[in-house]
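Summarising the annotation, TrEMBL assigns domain 'NADH:quinone oxidoreductase/Mrp antiporter transmembrane' to A:129-415. Annotated transmembrane segment per TrEMBL: A:6-23, A:35-54, A:74-100, A:112-130, A:136-153, A:165-187, A:207-226, A:246-268, A:303-325, A:331-351, A:407-427, A:448-466 (among others), in sequence order.
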């Protein structure tokens, strides 16, 4: 069986159609259909992992189908350490998102669950594609379901937020496309194959690489996002329904990090080398700026959204250091942040449902009202501020160790930003969980939601205590790409 | 050999934490406490066995397993048993055990008992883990976990607003130190490629001199935060809002000693850097003076003890700075016993009177003699009155200071030890001595609260006997110096302080109010009561950071986002202008096409925010940019 990777994309895609058809007969059945399809995808992924040789950093299980031969594009799929971890994250978070939708999504279920599966298929496609044309198609596909999820199932200002999200990220994709076309035009071989082009682009002159990198940079800087390209994110998050936020922060932002490594670092190393100090400064600014802005937020959800911005700054910082540690730590941070932000956004949605508000100043006394939710919020906050023994710490540690050997002063500045991160989380906890309660809990039964969060909690702890589970996938890949 | 099983010490405590937190309310209130006490009793027995075996044989044990692969380095995790860690293990598990027993009664009526004992068990587990760790990374992980427990337990009574701010302050201030320490650890790792103590000690010499100094100062920064030394001492007094057993265990006996333990651990590195040790010595002695001076005038029964803790840890840090490592650890041991004792006694006083202000107390001597006498032993040891443990350790520190021959340090040390008896006997007299006007409540404490106090008093009373065998056991060679005159002199100074306190506060032969009328004393009093206003200036700084964050978020909303929205508005304007131009132009020329225009504009209007128009504009901009880039890049 050598069609594992295409099946990983096709199952959620076809499953989405099936779910839609199921919905025409029985609306309630859509969620069961979606859940079983996402679980099947998960099982298939585990099967893929058994065939995946973790000792090799290169693409494996490669599939090749001819497609647009005239322009040199083909359907080329492959998996390596970077894509394996991100595909795993996508699949896990889709299941979590379905769990979080289970009771909360009430209208238009018939279209909701197929869109979620389409999103999953698009994301897996992005991470597995080794041809720029299909990569870009999947890249754009992910925007559509996300746009509708925000626009239909979102909050009050959902139209504004969804359109802003769409235009902003779509525009940035155009810059990425320009760079891809530029690479294509400069290549002596007419091909869109990423592995082939990777070898070619590395021989480009640094100036040319830098020109191409500018487009790539705008592409991932908006997606990740990096200050000052971040303002679509808080709006999109605040208005998105909880499962939408889970997918958005958990996986969609990682597409930016993925491009940073796959296209930025692997294809244009001289450009990164030239831009290193600028990237370092941008990421430090991102960490501090996002931290201070998060501190000033009134809405719990936008606080978490800004914390995402800060955390992604660490990814950029790690990769820009161009060291084994920095890149490995950056990838670790992407996975860790995916888990933590999914947890935080979920718990935030549950709190809003339970006590009727997300305003930090009104949430005081939360511990009295909903001890369990409070417990998870405290756990998530400490995971977010990088408490050792949780996954975020290992990521930050690895990034900073890597960065130390490249820049001393910048790294110390970046480490100081951890104090800001701790401050806004702790200060938020002071204003929410403590104090006399003025809230009224509806005492909703959260069994399904909490059950779907348990895997996140367990993984955050496991990745914090036993990092090899993830490093085994990341390290060979990073060693390969840094050895060039 | 019993030492091989040392890794088992924290395990039952972590399990109990898991059980208590997961089952929480489903657990019977009593069961949670018994479970935790059982677990800590196991740790205590095992620690005692290890302690005895280390004391008798003086042997060491080091066990480790492969942990994970970091870049090209394999990171190991393991545990290290030597005299230093076995002493710390004994201190931690002993005080934990007694405090857990005490809490069974102290927290009797609290409904959140499972959470309390769960978090307390997590603390004891992490603290023993910190002591056992054989490398900096593992130590740092536990270092942060004890910080987390401290945060959770200070804020245990969540409805109190002081608990919320106190716990926040404790976590964030120590976090500053932790970040410094983490930087130091990472700096070492980038140079040496290992987190292990042994490897680090072996290859530290290869680092350049400046780098050595910076690394050691960064590690010292961690100790400053955790052990509440100047200038990061402000969190301890506020941490006193937590339940009293927590103050006794975490903020007096164990966690705050982690900094001293770290410094003792890295003593092989410190010995090679006289600059760093002298910096440590000055920080320590200034903190000792600051703490003692601030303790003189406080009114809160626990805050006085908190400032006293700051002061005494200052002594320990100072002792490290003058290379008196075994003196420092002996003082650590004594202090853990007598300070835990005083806090537990304060807990008894608070539960029985319901008050915190010692100026409103008195007559406590009348409530059974056991607690007052036990407390008296603790106070005598703290004050440094012979022949109690506290006197021996102070003399040892003084001997070590004399070795250095720095007379500024010697006189500062004697000044600080002069203040200890004054503030602690002010504390004791105001609470316990006879005072007709003050009434005592009628609640009384049961044996579960009294027994741990008596046990600690026994230890504090007898500790002095072991000072010479302690010295032989410790890994550092002791310089035997004969400074008999100085020893007698400093003891006389301490006794003078003691007499003064008795005259003023117990016998009331000197009227303190008349002294206060003196302007100089008034100013001194004010500065002492406000702890040199350090805390207030930090609060102001915190407010500044807060208002800056509000400003930042407004800036983000107004300008960064504003630019984007302005772009959007601009796009809409341009497209509506071109549309109206279209309308007029095409309308004027070809009437027949009007219908189709109407149709398309109604389509555009349907999408309220003008998605299609904006989008087409962006595509236009995008295409132009493509062309420009292709042109520039010579395509």
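Using N, Cα and C of the backbone, Cβ positions are placed for all residues, glycine too.
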For the transmembrane segment (A:112-130), what are the same-chain contacts with Cβ under 8 Å, counting residues 6+ beyond its ends?
-> 5, 8-10, 12-13, 15-17, 19-20, 23, 30-31, 33-34, 37-38, 41, 59, 62, 76-79, 82-83, 86-87, 90-91, 94, 97-98, 101, 105, 137-139, 141-142, 144-146, 148-149, 152-153, 193-195, 243, 247, 251-252, 255, 258
Apart from its near flanks, which chain residues at least 6 from the ends of the transmembrane segment (A:35-54) lie with a Cβ under 8 angstroms of it?
-> 4-5, 7-8, 11-12, 15-16, 18-19, 60-61, 79, 81, 84, 87-88, 91-92, 94-95, 98-99, 117, 120, 124, 472-473, 476
Long-range Cβ neighbours of the transmembrane segment (A:407-427) (under 8 Å; 6 or more residues past either end) | 277, 280-281, 283-284, 287-288, 291-292, 294-295, 303, 307, 310, 314, 317, 321, 381-382, 384-386, 396, 400
For the transmembrane segment (A:246-268), what are the same-chain contacts with Cβ under 8 Å, counting residues 6+ beyond its ends?
-> 82-83, 86, 89-90, 93-94, 96-97, 100, 116, 119, 123, 126-127, 139, 142, 146, 149, 176, 179, 183, 194, 197-198, 201-202, 204, 209-210, 212-213, 216-217, 219-225, 233, 236-237, 240, 304-305, 308, 312, 315-316, 319, 322, 327, 330-331, 334, 337-339, 341-342, 345-346, 481
Quickly jot the same-chain residues contacting the transmembrane segment (A:331-351) by Cβ under 8 Å, restricted to those at least six beyond its ends, or write none.
-> 81-82, 85-86, 89, 93, 96, 100, 104, 237, 241-242, 245-246, 249-251, 253-254, 257-258, 261, 300-301, 304, 307-308, 311-312, 314-315, 318, 358, 363, 366, 370, 373, 376-377, 379-381, 383-384, 391-392, 394-396, 398-399, 444, 446, 449, 452-453, 456-457, 459-460, 463, 467, 470-471, 474, 477-478
